[in-house]
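Participant: Here you go, one structure.
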Amino acid sequence: MRKYIKIGVAGPVGAGKTALIERLTREIASKYSVAVITNDIYTQEDAEFLTKNSLLPPERIMGVETGGCPHTAIREDASMNLEAVDEMVARFPEVELIFIESGGDNLSATFSPDLADVTIFVIDVAQGEKIPRKGGPGISRSDLLVINKTDLAPFVGADLSVMERDARRMRNGQPFIFTNLMKNENLDGVIGWIEKYALLKNIEDPASLVR
């Protein structure tokens, strides 16, 4: 019986996918056995960032160079990522959580169900308050939607209440959460969601979770 959970993390370039994983691993690596797989088209930049900035040892971080469309590597042909998962499990048989970060993508990115057990989709306020209502599979069908960079709302003219209203409508009862990862605001809510819905801990919904 498989003992680990694979969490797919997707979202547009610059929304905060790598930052979210870096902050999460800093907080939970002492409690759970964690590994990370990143996807970049031609480089291993995200893997290198995590190696330098997260608390995980380098051998728990693996970069996959997709060499093409980042969507294909997580959906139509996930073989490279599945091989990376197998290698991580071989290295660390006790691993409990494997984060799989997609390459930079748009609102249509989805993970193959063979690759991710649950999915987190990250967007950010800097893209404008209209982003939630644009919809797309990531916004409407991910298991958790993270709306990051709330601190930038006043500078880009974004109304967080409008974003919340639109996210509620597009998500149809699925949870979402507002974060400011620069200050770790509501990071505990993301961790609580992972513990409750990915690791199936018997705990209450985080107070910062919105439905």
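Just so it is clear, glycine is given a Cβ too, placed from its N, Cα and C backbone atoms.
In case it's useful when we look at the structure, here is the feature table from Swiss-Prot:
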type    : residues                                               : note
BINDING : GLY11, PRO12, VAL13, GLY14, ALA15, GLY16, LYS17, THR18 : GTP binding site
Participant: Going by DSSP, is PRO12 (GTP binding site) sitting in a helix, a strand, or coil?
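Facilitator: In three-state terms, PRO12 (GTP binding site) counts as strand.
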Participant: Out of GLY11, GLY14, GLY16, which has the highest number of nearby Cβ atoms, where nearby means within 10 Å of its Cβ, if these are the binding-site residues?
Facilitator: GLY11
Participant: If you count CB neighbours within 10 Å, which one among the binding-site residues VAL13, ALA15 has the smallest count?
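Facilitator: With the binding-site residues VAL13, ALA15, fewest surrounding Cβ atoms within 10 Å: VAL13.
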Participant: So if I measure Cβ to Cβ from LYS17 (GTP binding site) and keep only same-chain residues at least 6 apart in sequence, which ones fall under 8 Å?
Facilitator: VAL9, ALA10, GLY11, ASP46, GLU101, SER102, VAL122
Participant: Note down the number of other Cβ atoms within 10 Å of the Cβ of PRO12 (GTP binding site), including every protein chain shown.
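Facilitator: I count 19 other Cβ atoms within 10 Å of it.
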Participant: In terms of DSSP three-state secondary structure, what is the assignment for THR18 (GTP binding site)?
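Facilitator: Its secondary structure by DSSP: helix.
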